[in-house]
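Trainee: Below is the structure I would like to discuss, written out as structure tokens.
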Protein chains: 4
Amino acid sequence: MMTPQPDNWTLYGQTFQSRLLIGSALYPSPSVMSEAITASGSEIITVSLRRQSPSEAGGEGFWQQLKSLNKTFLPNTAGCHSVKEAVTLAQMSRELFETDWLKLEVVGDDYNLQPDPVATIAAAEQLIKLGFKVFPYCTDDLVICQRLRDVGCEVLMPWGSPIGTGRGLMNPYNLQTIRERIPELPLIVDAGIGKPSHAVQALELGYDGILLNTAIAQAGDPVMMAAAFRDAVAAGRQAARAGAMPERQTASPSTPTLGMPFWHQQ
Amino acid sequence: MMTPQPDNWTLYGQTFQSRLLIGSALYPSPSVMSEAITASGSEIITVSLRRQSPSEAGGEGFWQQLKSLNKTFLPNTAGCHSVKEAVTLAQMSRELFETDWLKLEVVGDDYNLQPDPVATIAAAEQLIKLGFKVFPYCTDDLVICQRLRDVGCEVLMPWGSPIGTGRGLMNPYNLQTIRERIPELPLIVDAGIGKPSHAVQALELGYDGILLNTAIAQAGDPVMMAAAFRDAVAAGRQAARAGAMPERQTASPSTPTLGMPFWHQQ
Amino acid sequence: MMTPQPDNWTLYGQTFQSRLLIGSALYPSPSVMSEAITASGSEIITVSLRRQSPSEAGGEGFWQQLKSLNKTFLPNTAGCHSVKEAVTLAQMSRELFETDWLKLEVVGDDYNLQPDPVATIAAAEQLIKLGFKVFPYCTDDLVICQRLRDVGCEVLMPWGSPIGTGRGLMNPYNLQTIRERIPELPLIVDAGIGKPSHAVQALELGYDGILLNTAIAQAGDPVMMAAAFRDAVAAGRQAARAGAMPERQTASPSTPTLGMPFWHQQ
Amino acid sequence: MMTPQPDNWTLYGQTFQSRLLIGSALYPSPSVMSEAITASGSEIITVSLRRQSPSEAGGEGFWQQLKSLNKTFLPNTAGCHSVKEAVTLAQMSRELFETDWLKLEVVGDDYNLQPDPVATIAAAEQLIKLGFKVFPYCTDDLVICQRLRDVGCEVLMPWGSPIGTGRGLMNPYNLQTIRERIPELPLIVDAGIGKPSHAVQALELGYDGILLNTAIAQAGDPVMMAAAFRDAVAAGRQAARAGAMPERQTASPSTPTLGMPFWHQQ
């Protein structure tokens, strides 16, 4: 058996092994958060300026704890409802978290908390001109994804389903279409992942990674669930590389022939 | 972080760690088979007397190779169409493979290759009286499963979908019903698993293991796919133990509150 | 436009136009029941001896009302748990309802109220020898269906999903397999239909009819829902006869060419 | 039984009974088209200026035939790829078809032929200022739908799935969200409907109508399929008004009690 090839991937020029990006909210306690993040194997953590400003009282300890994990931070603009708000918050985040990476979220509706496609494109365009490396959270819409690529996003993050629902991949057909039509960019399913099987399915479709928070933070045992997702992305990625058998309409015996060694069967 | 508890399971008094049972047919070559089985982490291999009789010419080398893997064998009665045929083959298998373990398959239809529920119950009853440890391959029918339990089966193996189709879990509702109503026995999804996501889903439903063959043997890269399934069953099992978040109808923000450390949020 | 061909179907030698069989339980009142049955266009009504004995006090008025609708009755053995119980009740039903038609139900589990496949086959065999025209309620299992056919059933009634759940067709693949493999008998989906779309789907799969009760009786407006199901079976049946377009993986314009009359397009 | 209330609906001030809008392309012949449209009961026909210009040779006879059906025309901008192209074609259509109704289509991708969300909003805004009554074909995205409403569209037409695929409602969750959040406008599912069961499902979700073409025009028997869809929209609409039973997780007997008249049961 040969040593397996390293299977890294690259986001804005930085190389990673883990294909699981993880959030830092909603955990039962800071120590569970640290343990879960460690168990997940994630190398990238999303952080929210709105809640986690290093300079704020109370946030300082949390921030030190996050920093001690020695991961790459991906600040987000969660809770922004307009281009202007997102751009302002992004600039504050860059200064405070000392990174030009940015998960861009512009909420378009308070019911399903979905991204506003039009505002997200506009904000991405401005932010890229300002030197940000934008990770846009978007719906599973091919044309929106193409426009985000065209304004300079080098990674795209379509949703699986509305944030916090845990419904998994609502529309695998759309996600597959985006994968086929935008082969040149890394694609991450962001939001809606509720179980490890959803994560595996995303990777099997050829997605490069997933980003989640609630499914781990609100599991019965967040640390064990983090390990489950670590194994799930490993499984899904290997499956995509190995090439799955085709689905068949009718049954086919796995022991088809009598009296012949199996490697002579057709 | 505490050392995780060992998570073994028991089949007819024997204890195992791996929750993946693997078949020995349809691989591109004997050496790929050996590598794939090793990569899968499986401890139990199904073998077919019809194809793999140790005493037959040609089969001898294959048999030696399988034996050298040092795994537990589970002989099957693949290809049998009647109670009598299955019982006769089972007795030959016991002698040749030197085990009273038996995967019972009685084919009921040549189109979907499904088990014959009535004949499977009758054969199981006879075989158990003859001292066999029967692993019955059956459909996802609660009452059939209950009857197999009542005649003495200590493990049940409902299908996911017809063998060789790779369609995954056709009827999760039925599988879940069986799990809820038969909590006392180990349950294994046998047949129809096409991708690692299917395996994870079975374990997430509370199933104790899966049995597959084609999905690994006929993958583009069987060895890598075997590793994918190894990780998939690990992921699914941990997810079942950790307890998944509930699925929600409406969105829920993962960063809900401003200006408060997250562990003070409700 | 030609006059459409009459599209009758035949059950045990009797010819019907409506493909909707309807139950007589759970309505808000007897008069709503009568109105709903009339609106449904059904020609066959299932009745339960256990609740609707013509000879019992209280039942007499109900019975007279049902009789006044001038429909064909299909007595059922709802609530029976054994072959003996079902055969006994069937014989009482034959005498009281003056018909040898019988919907055979032998409950196998009190949780999902599914038929007991083994007992249903045994009871069907006995009842057919006693001269009954048996309509067996069974699971969506091809081999069980074949055995019911082999003991003399001239119609089969696999379930869509557990009775009263309204979950529709849990396993379209299994239902389609039964249709393909048993082309010679009329097939009716019985139980689990919750909405008209489920009924249409059953007919589109090539099923000859559907039987339901709760979906109409417990609708907000049972009479209007009965009319909805009447139109649904008409729609589904015509769709099956007309032949649906094939499902496609990729988009295809409905206005593909410029400057050419559409009937010259390929 | 009371006479059912008339169940009309209103589009830009015009009242209709039929909830099926039909296309005029891809039929095997003009006479089959006429027969199918008549059988469908549709009162609104989409027409494409690009193919069906009344002034073009060859188109004249087709145009006369369409006019003789005495329906309301809904010209579309099929095949346009930009705001400017769509606005220009719309103006030509208004003059030639003598109506300010317009089905707005701006193609965003040649693979899935989906609408371009950004261009569709921009074009709708311009066209409404020019006095058009715009029926925008859009994806199933709540925020895009809200923006189209906000620029003055009084009806919205999200897709079911890509045009010509016949895959039905890919994402019922999204469609339901749009219905719940935009209760004030008529909503039509446009594109992707392949079978009558899909149409029923759309109406059951509370949609007011459907628009299709290929599913009828390319059916084995377009005229019979048109009648199937006529009955399907009637079924779905009545189901939505009648109120479906709730889906249940576990079985519930339809004949629950012995010895009691059914209307005294709980």
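Backbone N, Cα and C define each Cβ position, glycine as well.
In TrEMBL, annotation is done automatically, which means it is predicted and not curated.
Take a look at what TrEMBL says about it:
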type	residues	note
DOMAIN	B:11-256	domain 'Thiazole synthase ThiG'
ACT_SITE	B:K103	active site, schiff-base intermediate with DXP
BINDING	B:G164, B:A191, B:G192, B:N213, B:T214	1-deoxy-D-xylulose 5-phosphate binding site
REGION	B:242-266	region 'Disordered'
Trainee: Roughly how many Å lie between the Cα atoms of B:K103 (active site, schiff-base intermediate with DXP) and B:A191 (1-deoxy-D-xylulose 5-phosphate binding site), rounded to a whole value?
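Mentor: A Cα-Cα distance of 12 Å.
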Trainee: Here are the binding-site residues: B:G164, B:G192. Which has the lowest count of other Cβ atoms within 10 Å?
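Mentor: So among B:G164, B:G192, the binding-site residues given, the one with the fewest Cβ atoms within 10 Å is B:G164.
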Trainee: May I ask you to report the DSSP-based helix, strand or coil state of B:G192 (1-deoxy-D-xylulose 5-phosphate binding site)?
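Mentor: For B:G192 (1-deoxy-D-xylulose 5-phosphate binding site) - judged by DSSP and reduced to three states - the answer is coil.
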Trainee: Only counting partners 6 or more residues apart, tell me which same-chain residues put their Cβ under 8 Å from the Cβ of B:N213 (1-deoxy-D-xylulose 5-phosphate binding site).
Mentor: B:I22, B:G23, B:S24, B:A25, B:L26, B:T46
Trainee: Taking DSSP three-state, what's B:T214 (1-deoxy-D-xylulose 5-phosphate binding site) in: helix, strand or coil?
Mentor: helix
Trainee: Which ones, out of the recorded positions B:K103, B:G192, B:N213, B:T214, lie near enough to chain A that their C-beta is under 8 angstroms from one of its C-beta atoms?
Mentor: B:N213, B:T214
Trainee: The record lists B:G164, B:A191, B:G192, B:N213, B:T214 as binding 1-deoxy-D-xylulose 5-phosphate. What's the largest Cα to Cα distance among them, in Å, rounded to a whole number?
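Mentor: For the residues that bind 1-deoxy-D-xylulose 5-phosphate, the greatest Cα distance is 9 Å.
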Trainee: For B:T214 (1-deoxy-D-xylulose 5-phosphate binding site), write down the residues of its own chain that are at least 6 apart in sequence and whose Cβ falls under 8 Å from its Cβ; none is a fine answer.
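Mentor: Set apart from B:T214 (1-deoxy-D-xylulose 5-phosphate binding site) by at least 6 residues yet with Cβ under 8 Å, we have B:G23, B:L26, B:I163, B:G164, B:G166, B:G194.
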Trainee: B:A191 (1-deoxy-D-xylulose 5-phosphate binding site) has how many other Cβ neighbours within 10 Å of its own Cβ?
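Mentor: Around B:A191 (1-deoxy-D-xylulose 5-phosphate binding site), other Cβ atoms within 10 Å: 28.
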